[in-house]
């Protein structure tokens, strides 16, 4: 990439907009008061939401957990998908180059629909996006097929607020397999339904684009996740139908799913905890590579309101780079960032001893 473009994007990053007070009159931009300020804050002052912050007062009730209720439809469908994906791996050498490039591009866009869309924009409100970007992200999210934005955000806010309890949809204390995929193969724990149902989701209910996706999600996901990625290689450059189905669709979809799931499983079990040793989430570079920047998980749980989800800007974090590029184009704004002083103070206060300095 030309140096002058990188400089412009870097300059856009340094001009991160920061909310300095709850919005009330004054200068307006997108209906909210904010100002550009190079001195980033360390405390969460988002006016939109608070239900993604950890609630230490919630504790699991004593007694044996309820009996697991298997969802056999999900078990069968997940098994068939991964069988198709494994077969797709054997077909990659016979695929046309265009098919491999198309599948990779589809994977990246799908991943951004989760990371930049459902996660950092709609679950945590760490930045704001104008309509063209929100439209792109809602389409990309539909391509990813990991539940609609509303349901994804509700589960994720519950994961943060009730982390490592039975009210956490993918509680890592129940083991690697459960937090990775098992939670999707059984009925939700009653605590997930109870506590998740009480979360404040009014910000998403008020967003017409999110509600439109939720209303038409089934036909949308069939088109964007399965039909389109199968037909495009087959029709446009003469790829075989089986290669299109098993590589561009099954393999690509399985990779996106597992990259996201590893954030819930591996990044809660393997890695180091420089910011907070008292929580299970960890920094995992390998997860960040696959999940386009979501592997800095100890930082993210310590500072869920930081749009970068990492202390280190673009380092193994394509999602942050993407958001900064959108900011350069004027499509993303009000990106929230934690000050270096606040990060260092948190490391000193709660970080693992091996990660502290000075």
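The count begins at 1 with the first shown residue.
Backbone N, Cα and C atoms are what each Cβ position is placed from, and that goes for glycine too.
Model, not experiment: these values are computed from the prediction.
The substrate binding site annotation in Swiss-Prot covers 74, 147, 154, 155, 187, 188, 261. Within its own chain, residue 261 (substrate binding site) has 180, 181 as residues 6 or more apart in sequence whose C-beta sits under 8 angstroms from its own.
Positions annotated as Fe cation 1 binding site by Swiss-Prot, on the basis of similarity to another entry: 119, 124, 156, 160, 300. Reduced to three states, the DSSP call for residue 160 (Fe cation 1 binding site) is helix.
If you look up Swiss-Prot, you'll see 32-43 marked as compositional bias 'Basic and acidic residues'.
Per Swiss-Prot, the feature region 'Disordered' maps to 14-43.
Taking the motif 'Histidine box-1' (119-124) as a whole, pLDDT averages 98 in the prediction. If you look up Swiss-Prot, you'll see 119-124 marked as motif 'Histidine box-1'.
Marked as motif 'Histidine box-2' by Swiss-Prot: 156-160.
Residues or ranges marked as motif 'Histidine box-3' in Swiss-Prot: 297-301. Proximity of distant same-chain residues to the motif 'Histidine box-3' (297-301), defined by a Cβ-Cβ separation under 8 Å and at least 6 residues beyond the stretch ends, is recorded for 54, 160, 163, 263, 267-268, 271-276, 279, 281-284, 287, 309-311.
Feature annotation from Swiss-Prot assigns topological domain 'Lumenal' to 93-96 (among others).
Feature annotation from Swiss-Prot assigns topological domain 'Lumenal' to 237-240 (among others); the stated evidence is similarity to another entry. Outside the topological domain 'Lumenal' (237-240) by six or more residues, the chain places 94-96, 98-99, 248 with a CB less than 8 A from a CB of the stretch.
Tertiary neighbourhood of the transmembrane segment (72-92): same-chain residues 100, 181, 184-185, 242-243, 245-247, 250-251, 253-255, selected by CB-CB distance under 8 Å and a gap of 6+ residues from either end. Taken from Swiss-Prot, the feature transmembrane segment applies to 72-92 (among others).
Annotation source Swiss-Prot lists transmembrane segment at 97-117 (among others). Panel annotation: around the transmembrane segment (97-117), residues 137-144, 146, 149, 152, 225, 229, 232-233, 236-237, 239, 243-244, 247-248, 251-253, 255-256, 259-260, 291-294, 318-319, 322-323 of the same chain, lying at least six beyond its termini, place a Cβ under 8 Å from a Cβ of the stretch.
Residues or ranges marked as transmembrane segment in Swiss-Prot (evidence: similarity to another entry): 217-236 (among others). Here the transmembrane segment (217-236) has long-range neighbours at 96, 98-99, 102-103, 106, 110, 139, 142-145, 148, 243-245, 248-249, 252-253, meaning same-chain residues at least 6 beyond its ends whose C-beta is under 8 angstroms from one of its own.
For 241-262 (among others), the entry in Swiss-Prot reads transmembrane segment.
Shown in sequence order, 147, 169, 170, 192, 196 are the residues of the chain, 6+ apart in sequence, with a C-beta less than 8 angstroms from the C-beta of residue 155 (substrate binding site). For the Fe cation 1 site, the Cβ centre of 119, 124, 156, 160, 300 serves as reference, and the other residues of the chain with Cβ at most 8 Å from it are 52, 120, 123, 157, 159, 304, 309.
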